[in-house]
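Novice: What follows is a single structure, and I will ask about it in a moment.
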C-alpha cells in the first residue's frame, strides 16, 4: 500500500475542504469519514446522501476506494461528490493508506 505521510498531504490538498476523518468529526459538504473501512456506501450517521450513494451497496475497502477515487462520478453515477478524481495510482494508494490509519484513530 501507499505512504501515509504523502497521503495526508493529498488529503489536506484535495479532500479536507469537504471531509473530516476524526472520531466525532463534523460533516461538511461531504460526510465525516471516521469508520469508513468496512462500512457500506451512504451510511455515515447524520449525513444526507443521494439515493445513488445509498443504493450502491458496496463496502468501502482498499479495492473499492482505489476504483472510486479514480473517477467518483463513474463509479457512483448520481453522487453529489463533485471531485474529479485522482488519476495516478500511486497517489490513490498513498491517500488510501492515510485514510486507513486516520479513520480508525
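Cβ coordinates come from backbone N, Cα and C, glycine included.
Swiss-Prot feature annotations, pasted as is:
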MOD_RES   2  N-acetylglycine
BINDING   15, 18, 19, 81  heme c binding site
MOD_RES   49  phosphotyrosine
MOD_RES   56  N6-succinyllysine
MOD_RES   73  N6-succinyllysine
MOD_RES   73  N6-acetyllysine
MOD_RES   98  phosphotyrosine
MOD_RES   100  N6-acetyllysine
Novice: Spatially speaking, which of the binding-site residues 15, 18, 19, 81 is closest to residue 49 (phosphotyrosine)? Use C-alpha to C-alpha, please.
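Specialist: Given the candidates 15, 18, 19, 81, the nearest one is 81.
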Novice: Please give me the recorded positions out of 2, 15, 18, 56, 73, 81 that lie within 10 Å of residue 98 (phosphotyrosine), comparing Cα atoms only.
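Specialist: Close recorded positions: 2.
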Novice: Quick one: give me the count of other CB atoms within 10 A of the CB of the residue listed as 'N-acetylglycine'.
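Specialist: Step by step: centre on the Cβ of the residue listed as 'N-acetylglycine', count other Cβ atoms within 10 Å, giving 20.
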Novice: Whole-number Å distance between the CA of the residue listed as 'N-acetylglycine' and the CA of residue 15 (heme c binding site)?
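Specialist: If we compare the Cα positions of the residue listed as 'N-acetylglycine' and residue 15 (heme c binding site), the gap is 17 Å.
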Novice: Would you list, in sequence order, the residues of this chain other than 15, 18, 19, 81 that have their CB within 8 A of the centroid of the site's CB atoms, where the site is the one recorded for heme c?
Specialist: 14, 16, 17, 28, 29, 30, 33, 83
